[in-house]
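According to Swiss-Prot, the features are:
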{"type": "TOPO_DOM", "residues": "2-104", "note": "topological domain 'Cytoplasmic'"}
{"type": "REGION", "residues": "2-94", "note": "region 'Required for homooligomerization'"}
{"type": "MOD_RES", "residues": "Lys5", "note": "N6-acetyllysine"}
{"type": "MOD_RES", "residues": "Tyr6", "note": "phosphotyrosine"}
{"type": "MOD_RES", "residues": "Tyr14", "note": "phosphotyrosine"}
{"type": "MOD_RES", "residues": "Tyr25", "note": "phosphotyrosine"}
{"type": "REGION", "residues": "82-94", "note": "region 'Interaction with CAVIN3'"}
{"type": "TOPO_DOM", "residues": "126-178", "note": "topological domain 'Cytoplasmic'"}
{"type": "LIPID", "residues": "Cys133", "note": "S-palmitoyl cysteine"}
{"type": "LIPID", "residues": "Cys143", "note": "S-palmitoyl cysteine"}
{"type": "LIPID", "residues": "Cys156", "note": "S-palmitoyl cysteine"}
Amino acid sequence: MSGGKYVDSEGHLYTVPIREQGNIYKPNNKAMAEEINEKQVYDAHTKEIDLVNRDPKHLNDDVVKIDFEDVIAEPEGTHSFDGIWKASFTTFTVTKYWFYRLLSALFGIPMALIWGIYFAILSFLHIWAVVPCIKSFLIEIQCVSRVYSIYVHTFCDPFFEAVGKIFSSIRINMQKEI
């Protein structure tokens, strides 16, 4: 495993590890690779995505897991009819499910495009502007830090050492008078 390349037990070369269940682009990748019996190189841009666990890093565990019981609750002694309660539950759940799907269908790809552009710009600026500026600043500040260090060792160290010696001879006696 070197340079981001993965070689399996049969000598197949991959840029990312291949899972048993495959990915969205080529289902059952490993089985297909074994059937074809040739070296295939997979790009990180078409990396495998999990269609079952879509939040593997648990980014939204505490934010968007909102169920009917989290929003609507009837305390003891104040209950609606059972049919109304069941219909409300079904209406809430189905509406939330399909409206999310509708919003995802309408705005998912444009939002992915916007966030992709945003993070591309952010990465570009970090790589080509922020890090070079910080490195340049650190190189230039070394000169200032040497002058500052000489100043501190020449003037501040002796001054504070003298003040420390002056205050080190102070003795405090506390007596309690009855």
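In case you wondered, yes, glycine gets a Cβ from its N, Cα and C as well.
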Separation of alpha carbons, Cys156 (S-palmitoyl cysteine) and Cys133 (S-palmitoyl cysteine) (Å): 31
For Cys156 (S-palmitoyl cysteine): DSSP state (helix, strand, coil): helix
Averaged pLDDT score, the region 'Interaction with CAVIN3' (82-94): 93
Local Cβ density at Cys143 (S-palmitoyl cysteine) - other Cβ atoms counted within 10 Å: 9
Euclidean distance between Cα atoms of Cys156 (S-palmitoyl cysteine) and Cys143 (S-palmitoyl cysteine), Å: 19
Neighbour count (Cβ, 10 Å) for Cys133 (S-palmitoyl cysteine): 10
Summary of DSSP states over the region 'Interaction with CAVIN3' (82-94), given as helix, strand and coil counts: 13 helix, 0 strand, 0 coil
